[in-house]
Every structure is written in structure tokens, then in C-alpha cells.
Amino acid sequence: MELIYVIDIIGTFAFAISGALVASDKKLDLFGVAIIAFVTAVGGGMLRDVLINAHPINWIGDLNYLYTIFAAVVFTFLFKSKIAHLSKTMFLFDTIGISVFTLLGLKKGLSFNLHPIIALIMGMISAVFGGVLRDVLTNKIPLIFEKEIYASACLAGGVTYLSLNYFNVSENIIFVLAASVIVIIRVIAVKFHLQLPKIKDDLFTKK
Amino acid sequence: MELIYVIDIIGTFAFAISGALVASDKKLDLFGVAIIAFVTAVGGGMLRDVLINAHPINWIGDLNYLYTIFAAVVFTFLFKSKIAHLSKTMFLFDTIGISVFTLLGLKKGLSFNLHPIIALIMGMISAVFGGVLRDVLTNKIPLIFEKEIYASACLAGGVTYLSLNYFNVSENIIFVLAASVIVIIRVIAVKFHLQLPKIKDDLFTKK
Amino acid sequence: MELIYVIDIIGTFAFAISGALVASDKKLDLFGVAIIAFVTAVGGGMLRDVLINAHPINWIGDLNYLYTIFAAVVFTFLFKSKIAHLSKTMFLFDTIGISVFTLLGLKKGLSFNLHPIIALIMGMISAVFGGVLRDVLTNKIPLIFEKEIYASACLAGGVTYLSLNYFNVSENIIFVLAASVIVIIRVIAVKFHLQLPKIKDDLFTKK
């Protein structure tokens, strides 16, 4: 599936830029920016591969990830002020990247004969953990834990993928449908500021 | 040893609740709470298994951990205000969990033919690292490094286990004795506010 | 190469002391200090070995690392106030340690038949990641990302090593030359307060 590989690389590029932007806002030097861009882009897949013992892990087995991240750092260095005006494009790339990362991680988990629930978690780790690492390394509470419906979108997309897998539908169609679920939920969530509930009060707290 | 498995699950439940409580105090959303509960409960065993190359790692090889964590998150969501009144029960569960995690980790290390010192460290990683991850992800200095005699209790229990292993004592008795050492030290330490010394001054500092 | 093993141990000792000093400044207890010293000293090699699937990983396969770290913690506990006056000696040890860690990590990567670029990154991870872990666990933005030319020095030394490898030069001479490049760049950078540029502005920002 060549197209998915291309989207995987685009997603890597988008994630690397998002890491580079956060790092440069924190006034890290060029090297720090490159490291944060790197962990944001490949951190999720790296953790997944270490956990399921899939060696060589993602960026060790395929140098194109490193080249893509390098290009993203140079791109950010040259065009930082311009990128600010492209926030919608960036958001789109990022969202497509998330959806592809989720489904590729899930597929990899299934190909390692993991239980579907574990494969689903591997998909989510692939999509989410890079951003968590970015935030931990720049000393923030991971964004994902606070505001974004991001992880829930990945979960919904992964469940869609697994469910459709039981029916006699072509792999490609399932992939596109499940990816669309992730993209649509995230776009709607951001547009309408949807959030998950918090555990502030419980059923028995008096108002 | 069926009983130990049950206690392992109870310990996992207690750790997951402790993670969920910290996360909800930090106002994370439901998803963030679930992730923090997850890493608190299985983070220690996960790191141990990755370091000693024991695949499939803990929660990948046994889905009961995930189900337990899920139950703990739902439980916390429903009964948060009630749990506050159960702090002694929680502390007991947590302490039993720590002692079992330490000894199961140590045993796993020995079963992988690691040197006893390394196996001891694996026991401690199993018991302690989940809490460290919880604190790093919620952007706090890990509690374990600052106040608790927690890790020392695990160390003492592990040394007890290894020492008794040289004598002709039944495995079950050794396990119970070593676990008791951990529980007793921790209870006494918390009751009397015992702390390890800090490196503020040294032998040559003038008072 | 016996000498390199000795320098590896000296570097481990220096890294462990640097970790212990940071941890005791943060008022961690003795146990916390030991853990931070441990991760600072072996964290880089540990991550490298997990990523390239080199089991048993560094400190599990060779107990001398643990003994060295233990000695460093005791040493720091006894002589903290004295060490402050030895900052130049410590800086020298630390710098030598970095250069040896970089090159040993790179060599290990090559011996695992990794692509030279990946091996180079493994060298840098070996040298740098222990300090990153130290800073994350003590809740600071990793120093390496902000001020030090540290990682660039490792990069330059690694590239020197790889380049000379193409010529018919003795392994030992290459090692010494590449290590010298790292030491010299770091000493010069610290002496003259050199820094990498930051991505504050870009080519198109009006001054």
C-alpha cells in the first residue's frame, strides 16, 4: 500500500514540525529542537516497537524517517514565521498523520498476533506517545491529558477498523473509513471545543 | 501460587486507583486519568520486562491487568468522594501491592537467571517505577525521591527474600515473611514520619 | 582495549557524581540520590541497548557499573562540600566520559551492523540521554536542550570517527583522535560560551 507509506511520511513531517515549533517556543537551541522534533515524530512508533519486541524498531529499520525529520527541522528553521499562517494546513497534516499512525500501529499489532485490544492500544500509543514525550521533555503536563479529544478520536477510529475487519470488506476501504472517523471526530471536536468529562465530582457529591 | 496472583491483581487495582486520584486532582480529562492509572499500575512491570527482554511484557501477555485497570478507573469515576474516606484501606491495599510487586519482580529476575543484585533491582523497579512515571507525567518531582521510605522498605523485603532463600525454608513462607517486612517497615515509617537522610551537609561541613 | 574500559568506568563515576549532586541540590533523600545517580550514569547506554535489542543491556550484563555508581554515591555523600572545589577535575572527568560514551556507543552500533547514521545517533544517545533523564526526573527542562554545545561536540567526534574509519588508520589512533575532537570542542565551547543558534526569528522576519 504505497499511498499509506506516503501519508505516513507526511504525518512524520507534520509531527516533526509540531515538535520543532514547541521546542523553539521554549527557546531550545538548534540541537534541542532537532531532538524534540525527532521524539515527537517517531516516539510513538518507537515505544510501540520496543513494547512488542519488533526489531529493528521504526526509525532504525527505515532511514526515511530520519531524513524526513531532518527536512522538517530545516523547514521550520527557515520558515518559522510563515508556518504560523499555515495553521489550518498544519492541523490537517497533523490530523491525517494521527489517523494513519493509529491504524498502522494497530495493523502492526495485529500482524504480531496480539489480542485486538492490545493492538488497539498499540495504535493509540503510536499516535499519541510522541506528543506526550514532546511535552514531558519540554517540562509541560502532556497536552493530551488536558484538553484534546485526540486520543478518543484514535480510539473510535481503531474500533471502527477492528469492527469492519469482521465483515467481508476490502482492506483499503476499511482503512479509509476508519481514518475518516478519526479525522472527522477530531475536526468536529476542535471546531466545537468538545472535551471529555473530568473526575471532579462524582455521583454522590452534593451540588 | 494462586493467592499471589490474586494479590497481584489487588495491588494493580490499588495502584490504578492511586494513579486515577492523582490525575483527577490535576484536572486531567477521563482519558488522561485512564492513561495515568494505566502507567501507575503496570509501568513498573513493563519497564522490568523491557529491560530483561521478557516478551510478551506484563500487560501484553495477560489481559487481566487491563480489565483491572479499567475497573479501577470506573470505580474512581463513580466513587471518588467516597474513596477519600477509605484512605486507610487504600494505603493497606497499596502497601500490600508494593510488597507483592517487589517480590514477584525479584522472582521473575531470578527465573531469568539474573544476578541476585540485578533481580533485587528488578523487584524495586516493579514496585516503584509506576509511581515515578505517574509523577513525571503529571509534572511533579517523583514523590518517591522526596519523602517516602517506600523504596527502602522494598529493598529490605527483597534482601530478606534473598537471604532466606539460602536456607531450607519453604518458598511460601519466605514470600510471606519478606512481604511482611515490607509492609511493616512502610507502616512504621509512615506512622512515625521516618525519612532517609539527605545529602545537605557532609562530614566536613562546619555547623 | 583495556584502557577504554577503565575510561568507561571513570566516565560512569563522573556521570554518577553529577547526578548525585543535582539530586542532592533538589533535596532528594539518599535513595532518590542513588536512583538519579544511577540513571544519569547508565541511562544513555540502557536506552541504546533497549533500542538496538542488545541484551543483556549494559548494567545487567556487567555489575561493575552498579559498583561504580554505588561508590560514587558514597563518595558524594562523604565529600559533597569538597567536590565543589574540584569542579575543574569533575568537568574534565565528565568530558572524557562523554567522549568515551559517544565512541563506545557508536562502535556498539556498528558492531550490530547498523547504518553509520544510526550508529552515530546511538553514540549520541549513549552520551546524552543519561543527563536528559536526570533532568526530567528532577523536573527541569533538560540542560542539554538549552545551553550546552555538548551534543554538537559528540556529533563532531562521531563524524570524525566514522570518516577516519574509511582510511587505513589504526583503530586506537582513530579512537583517540575522535575523543580529542569531542573534548576540545566542549572545552572551547564552555570557555568561550559558544551556543548553537535558536529558532527565534527566521529569514523573513523583519528586524
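Here the Cβ of each residue, glycine as well, is placed from N, Cα and C on the backbone.
Values in this document were obtained by computation on a predicted structure and should not be read as measured data.
Annotated features, as they stand in TrEMBL:
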type	residues	note
DOMAIN	B:6-80	domain 'Glycine transporter'
DOMAIN	B:92-164	domain 'Glycine transporter'
TRANSMEM	B:6-23	transmembrane segment
TRANSMEM	B:30-47	transmembrane segment
TRANSMEM	B:59-79	transmembrane segment
TRANSMEM	B:91-110	transmembrane segment
TRANSMEM	B:116-137	transmembrane segment
TRANSMEM	B:149-167	transmembrane segment
TRANSMEM	B:173-194	transmembrane segment
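The transmembrane segment (B:59-79) is in contact with the transmembrane segment (B:6-23), judged by 3+ CB-CB distances under 8 Å for residue pairs 6 or more apart in sequence. Listed by sequence, the residues of this chain that lie at least six past the ends of the transmembrane segment (B:116-137) yet keep a Cβ under 8 A from its Cβ atoms are 15, 18-19, 22-23, 35-36, 39-45, 47-48, 51-52, 98-99, 101-110, 143-144, 150-151, 154-155, 158-159, 162. Per-class residue totals from DSSP over the domain 'Glycine transporter' (B:92-164), listed helix then strand then coil: 61 helix, 0 strand, 12 coil.
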